[in-house]
Amino acid sequence: MLRFLIRRTLGAAVILFLLSIVAFLLFFGMPRDPGLLMCGKTCTPANLANIHHVLGLDKSIPEQYWVFLHNLVLGSNGFDQGPCPAPCFGYSYHTNEAVWGTLMDRLPTTVSLTLGAAVCFLFVGLGTGMLSAWKRGTLVDKTVTAGAMVLSSMQIYFLGPLALAALVYQSHLFDKPAYNDFTANPASWFSGLIIPWVILSTIFASQYTRMARSSMIEQLQEEHVRTARAKGMSRKYVFFRYAWRGSLIPIVTIFGIDLGSLLGGAIITEYTFGLPGLGKLAVESVFFSDLPLLLGVMLFSAAMILLFNIIVDACYAFIDPRVRLS
Amino acid sequence: MTTSTKESGAAAPAGSGPFLSVRDLYVRFKTEDGVVKAVDGLSFDLERGKTLGIVGESGSGKSVTNLTVLGLHNPMFTSIEGEIVLDGQELITAREAELEKVRGNKAAMIFQDPLTALSPYYTVGRQIAEPFWKHTGASKKAAWDRAVEMLGKVGIPNPKERAKDYPHQFSGGMRQRAMIAMALVCDPDLLIADEPTTALDVTVQAQILDLLKNLQQEFGSAIIFITHDLGVIADMADDIMVMYAGGAVERGTVDEVLRSPQHPYTWGLLNSMPRLDSDLDTPLAPIPGAPPSLLRPPSGCRFHPRCAFQGEVGGARCVDELPLLPAGRGGACHLTAEQKQTIFVEQIKPRLR
């Protein structure tokens, strides 16, 4: 297991390295000059050259990349804004703040949004999906399947404003979505995030409903499930012990991917509800051609996805003994 | 040796009729293409301690019949008519909870492919112990000990350690032994073995057959042995029932059916069997044609489209009229007894040598 983790972590590091090169090159392919954006209305060639020099943009691309990598791994004291310990993504062109600090500021919002929604969509999705499989062919099953179909074709930017209009602005049943620090006031943390959680999980849950249903039904047709029935185990026992165990693998796989990508920022949800998370930050960094911020957000998101991939693969070993021993 | 406690039969006391009696069984599956008549008016009996061999091609209804005995079909897609009485208890109308008490306890099943038939997620020991604690109410510890004991009985070396292994850590023959241990853990009176040796190589096959025979002597179970291998049947069974297209076409004792078969389909089966001592130049004689679709089975005698002898019957009887299988020894065929005798002695028997 330890060797597996080390191997996978090294692999993930290589992927992040390659990804950073691609991102770096792509940035310089963009038509916008970040210097011009900062230069303002009274921009003279001398000013622009000065800005380019301060940002390091006057160096060659390989040289800039080398500096970026060096700072990332070892940190740097070469910034005017102050010291920048590793992992140093430098300072934002736009806000002048340390990129790592900004990421850490925005992270709690995204983590809160993701975890709350994940608990919600996992339970609702698996619950309805398994209910549907248990009651296969009945009205309950058909209703759940149809409902999941409708919800999975919904969009957050449609449901979100609708929910805001109906539940917040018209009826005042819920608080306006906002991120409040959990440690300061758990109640307002909860009430500020409840609508985003519900809306985000509505979209996701329907996928889990459909997947849990289909993989349970598939598992129930497995021969070993029939054997278990043939030795007198009850339908319930076979359903929850035998079929459930087998259907965990696809569910854990998708859940890991979803969790990883949500932790990298739920862009549309954060925008729809005005939550200052990593997703919103990603969009802002592109908007302002903010290279350090862009690289920071992107590599952080990628690292999350890779991390959860490793966790998922490690989970397989707990679920399936055949993986454990080979 | 611990013995399992049994639920006493709900109706008549044991011994008043045959131990297992199947009467006019019809099993139909609803599919997208129509209704599949998988079993079509089948009747047979089985006495305690005896072995009934069921032979037939794939799709002849052998497995479907036996899954029906244990009530393992999904009622949503299956309609079942007829009567199955096991030791005085009617099974077709029995409630699910009643069936659960029969399965694995009074009647157990061994499946064909032990790799897919055992769950990859639980240890062999646990899978053997489960029916024991379920049916006897024994503690998990006692059930585990019983599983270890059973593994030893079916000839698995070092059972105490091997019980902790998962099925994929067993070889094919060992898995089938584990499967047999699982089926026998509650001392079932009826053991249904659905092609238990088909997935195994020949030497292992012989070991498993020996094991089953020895265990039958020890436990006194009745066995239904499903196979398409007549050699295996000759070795294992007391009686034979030959099935074709969802119905029985011939039955009798092993000697009767193998020495003087009464149905053209049985002749075909015997003819198509390779023999070690036959001349290398003699070609195998497969039965012409393919098994019929059970969505639209042939009219009259189900075998008539593939039968070489329907000319001998004369008229269109084979096409119009379903021949009946006499009770006891006999074959479901319109040929007269003399005709069968002549054809078998003159045309079939010489080719079997």
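For all residues, glycine too, the Cβ spot is worked out from N, Cα and C.
Curation does not apply to TrEMBL; its annotations are automatic.
Feature annotations, reproduced from TrEMBL:
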TRANSMEM  A:12-30  transmembrane segment
DOMAIN    A:107-312  domain 'ABC transmembrane type-1'
TRANSMEM  A:113-134  transmembrane segment
TRANSMEM  A:146-169  transmembrane segment
TRANSMEM  A:189-208  transmembrane segment
TRANSMEM  A:248-273  transmembrane segment
TRANSMEM  A:293-319  transmembrane segment
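Touching of the transmembrane segment (A:189-208) and the transmembrane segment (A:113-134) is concluded from the presence of at least three CB pairs under 8 A, sequence neighbours closer than 6 excluded.
Highest Cβ contact count with the transmembrane segment (A:113-134) among the listed stretches A:12-30, A:146-169, A:248-273, A:293-319 falls to A:248-273 (criterion: pairs under 8 Å). Highest Cβ pair count under 8 Å relative to the transmembrane segment (A:12-30), across stretches A:146-169, A:248-273, A:293-319: A:293-319. Within its own chain, the transmembrane segment (A:248-273) has Cβ neighbours under 8 Å at 109-111, 113-114, 117-118, 122, 126, 155-157, 160-161, 164, 177, 195-196, 199-200, 204, 207-208, 211-212, 215, 279-283, 297, 300-302, 304-309, 311-312, 315-316, 319-320, counting only residues six or more beyond its boundaries. Outside the transmembrane segment (A:293-319), and at least 6 residues removed from its termini, the chain residues within Cβ reach (under 8 Å) are 1, 4-5, 8-9, 12, 15-16, 19-20, 23-24, 27, 68, 89, 92-94, 99-100, 102-103, 245, 248-249, 252-253, 255-257, 259-261, 263-265, 278, 281-282, 284-286.
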